[in-house]
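Here is the structure we will look at, set down as structure tokens.
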Amino acid sequence: MNAIKRLLPVSLFLYALFVVLLPFQARAKDDVENYGTVIGIDLGTTYSCVAVMKNGKTEILANEQGNRITPSYVAFTDDERLIGDAAKNQIAANPTNTIFDIKRLIGLKFNDRSVQRDIKHLPFKVVDKDGKPVVQVKVKGEDRVFTPEEISGMILGKMKQIAEDYLGKKVTHAVVTVPAYFNDAQRQATKDAGTIAGLNVLRIVNEPTAAAIAYGLDKSDKEHQIIVYDLGGGTFDVSLLSIENGVFEVQATSGDTHLGGEDFDYKIVRQLIKTFKKKHGIDVSDNEKALAKLKREAEKAKRALSSQMSTRIEIDSFVDGIDLSETLTRAKFEELNLDLFKKTLKPVEKVLEDAGLEKKDIDDFVLVGGSTRIPKVQQLLESFFNGKKASKGINPDEAVAYGAAVQAGVLSGEEGVEDIVLLDVNALTLGIETTGGVMTPLIKRNTAIPTKKSQIFSTAVDNQPTVQIKVYEGERAMSKDNNLLGKFELTGIPPAPRGIPQIEVTFALDANGILKVSATDKGTGKSESITITNDKGRLTQDEIDRMVEEAEKFASEDAVLRTKIEARNKLENYAHSIKNQVEGDLAEKLEEEDKETLLDAANDTLEWLEDNFDSATTEEFEEKFEALSKTAYPITSKLYGGADGSAPVYDDDEDEDDDTDYFDDEL
């Protein structure tokens, strides 16, 4: 029996508040001048957001649709990969190949209860691969599997691209946020996703802590005790922080990694399934396309009910040609979800208890995450805090990315953030199994990080040559009730009576919440260690390298496809523009022969496009454009006094959505 026995504690606790004294000495060791611009990314369950700090100002960046938040969706069609708005917009037509809610699977095992619960409601297939959940979809007609890290990497890659488009240069480093209650495996997996996206994740920051930075930047006078209540699309966190003179110190954190707006949507979906079955006798609970439509409309209805008392849910030809038409009131929505709303108050009570504070000690509570717009959520919280109103000074959708960008600015040496110090905590107790299956804590929950703690243990039987170190996280007294992070053995212990050998076990928890454990035989000096990685299913370096290569291949394919689509659109817009103006504004100005020449050329081009819309290459679209412009230009130049009859040169940077760019009657 390779159990180990607790002998006596050794106080080698590196007190985390040391960071306050020398917050920037550590930074000097980092090669900050090589980071370039470091971006802040809020990788959300339903939406993601990216921000950057430049010249002391923090900017939330808009995507190509002009939206400051981007759906955390990835879709595969017969021709292409879509990410963000484009992926979400086609889900009803392509539900089994559109991936969302991937954050609910990342870093977890396939047999995890929450994973099993979630996959029942997901329209795409989730299968078991080596004990991990992976997504199975059709890519260009073939079955492919993707890990949650790969899908998250695609979303992070999209955020990276948005930042690069804004900055006009490559981005290689980022700060990424995670729920405060994410465990070690989920944090490691998120870092791996960043690597797959081509990003070096300098720091993993807890979401409520990042939001607190956004809230507290301008509150530098007296000490503030604040609670950040972060209710997003799929996760829920509460953190209690003290803020004073630029020091953000987390006192306690709690939450639920499987509670958020998606759960509220699902309650609406279930209600609509029930009423539709009652009215029409049709059960759509296994119809993926119908469920995708319901999910889309449920989210819209939920959003509408934050500002109005009732809303209509209308879906034409919902199933078998039958329309769906229902009214949902705010009162009914609140009734459906009241148990979940009330459930969010438990972690609030928990952080107050852990920090040894009372409600009256809280100066402010800050609402983060889109779900905090729900009036009933705000009402319950205000009632809990005896009528105190929530702080409305920050945008709940953008606060986390804003705070992440500020932390990115701290790490990259941006101006204006020199005095900011972030002291976060670990969310779960970390310890090892000792005699009798007892969980012996080394680092208690809500300990400031980074931190290091050592303790002396010994053997449980005479002449024991080996001890097995099993590392757990959790709050239960028995190790079997907690989450096993990893295990390793220390061998070659010289024969000795039980209790004599001294085995020093050291836990080192870094600023990202990632753990390294070592065990040293004090007698021989022999040591073994583990950084908690592959024992709990983290990707190997080979797997990460393969996924990086595939991500680059996808990005290259996306770029080629984007160029092709731009060339196709340019040609189609030009042909339609010629046709419309020949039949409209220029009809009276052109000679019949010229009019016929232009119409024939435009119609021939449009017919060719119809026949070759998907199969033609970028070069063929460009050649057709050149041929059409050579036909059109001599005719139009006669109208406007053109001299040489040569084809015009078109600027690729022009706005190609404007049909009049190529052929305009008002030059």
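Even glycines carry a Cβ here, placed using N, Cα and C.
Positions annotated as ATP binding site by Swiss-Prot, on the basis of similarity to another entry: 44-47, Lys103, 233-235, 299-306, 370-373. Neighbour density for Gly44 (ATP binding site): within 10 A of its CB lie 27 other CB atoms from the protein chains shown.
Residues or ranges marked as compositional bias 'Acidic residues' by Swiss-Prot: 650-667.
Swiss-Prot lists 132-286 with the feature region 'Nucleotide-binding (NBD)'.
Marked as region 'Substrate-binding (SBD)' by Swiss-Prot: 406-506.
As annotated by Swiss-Prot, region 'Disordered' applies to 637-667.
The motif 'Prevents secretion from ER' feature in Swiss-Prot is assigned to 664-667.
Residues or ranges marked as signal peptide in Swiss-Prot: 1-28.
Thr372 (ATP binding site) falls within a helical segment according to DSSP. Between the binding-site residues Ser306, Thr372, Thr372 has the most other Cβ atoms inside 10 Å of its own Cβ, all protein chains included. For Lys300 (ATP binding site), other Cβ atoms within 10 Å of its Cβ number 14. Around Gly234 (ATP binding site), the same-chain residues at least 6 positions away in sequence with a Cβ under 8 Å from its Cβ are Gly44, Thr45, Thr46, Asp101, Lys103, Arg104, His258, Leu259, Gly260, Gly261, Glu262, Asp263.
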